[in-house]
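The transmembrane segment annotation in TrEMBL covers 26-48, 60-78, 98-120, 140-162, 204-226, 238-261, 273-292. As annotated by TrEMBL, domain 'G-protein coupled receptors family 1 profile' applies to 41-290.
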Amino acid sequence: MRDMNQSVASGFFLVNLFSGSGPHNVLFSLVAAMFTLGLLGNTILLFLIRLDARLHTPMYFLLSQLSLFDVGFPLVTFPKMASDFLRGEGSISFGGCAAQIFFLTLMGVAEGVLLALMSYDRYVAVCHPLQYPVLMRRQVCLLMVGSSWLAGVLNACTQTSITLHFPYCGSRTVDHFFCEVPALLKLSCADTSAYERALSTSGVLILVLPLALIAASYGHVLRAVLLMCSEEARGKALATCSSHLTVVGLFYGAAVFMYMVPGAYHSPLQDNVVSLFYSLVTPTLNPLIYSLRNREVQRALVKVLSRAGLRAKW
């Protein structure tokens, strides 16, 4: 209990990815620009989906939730990282560390589940277009989004409470730029091996089950696309599906490296780089991927800009 009280009182220290040197200042500026671009891109996408009636469809409703997660991910990590860089020290309170673990594990699992359910949406749209309005009605979409949030909240509550229950009576320096569970467990002075095995097992299940649904969905989609007679229909189906598959590849590629590859095969520096990728780079790229490959989003953006231009003239 005394060890637990000590960790609560003293908090932890995070490793900063940047130092005061010139090249690191440039790198920090690039990361800050990417954070701003991602925040702006996802906010614009949310704004367009809200305003344009043509985007009031199940696919874009699910996409708006993805953008919401992509706004939240960087907001949990980058402001603290930027503050540490500007102040020159990386202390974080016990409560702040708990908040980072909670929200990151919540959004990570919720986004993984959501991406799997979005693949089911594409399966229904391509393979059962006549039944799409029934199979993807509003109640089903709300159930999908609710289930992704529920899975995230349950996972976050479990991991946060168990991880922070361990005593941390040794070093307070977390070898990561945010409070991540595996990096934090290395500092515990208790035996965490059983919990680490449980984390690895649950991590594999959390990754494999959605990936199995994605693979099954797109297996059926590919077969249906190859049987299409119309080149235009085939091109439209491939365009929307390729955007989603690109996002899936970015998200799950980083997640598989972090949670399915044994820790002995990657260094703390590699963990930091991959974590920066999935917490900042991927959320920045997602709106660009969907907007550059999606004519409906482009038309909605042009429509909003033209309206803004007309109002400015008045």
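The first residue you see is number 1, and the count goes up from there.
Just so you know, glycine gets a Cβ as well, placed from its N, Cα and C.
Cβ atoms under 8 Å from those of the transmembrane segment (204-226) belong to residues 109, 112-113, 115-117, 119-120, 122-123, 126-127, 155, 234, 237-238, 241, 245, 248, 252, 255-256, 259-260 of the same chain, restricted to positions at least 6 beyond its ends.
Long-range contacts of the transmembrane segment (238-261) within the same chain: residues 59, 66, 108, 111-112, 115, 118-119, 122, 125-126, 200, 203-204, 206-207, 210-211, 214, 218, 221, 225, 271, 274-275, 277-278, 281-282, 285-286, 289-290, 293-294, each at least 6 residues beyond the stretch ends and with a Cβ under 8 Å from a Cβ of the stretch. Here the transmembrane segment (26-48) lies next to the transmembrane segment (273-292) in space: the count of CB pairs under 8 Å, restricted to residues six or more apart, reaches at least 3. Within the chain carrying the transmembrane segment (98-120), a Cβ under 8 angstroms from the stretch's Cβ atoms is held by residues 59, 62-63, 65-66, 69-70, 72-73, 76-77, 80, 92, 144-145, 147-149, 151-153, 155-157, 159-160, 163-164, 178-181, 184, 206-207, 209-211, 213-214, 217-218, 244, 247-248, 251-252, 255, 279, all 6 or more beyond its ends.
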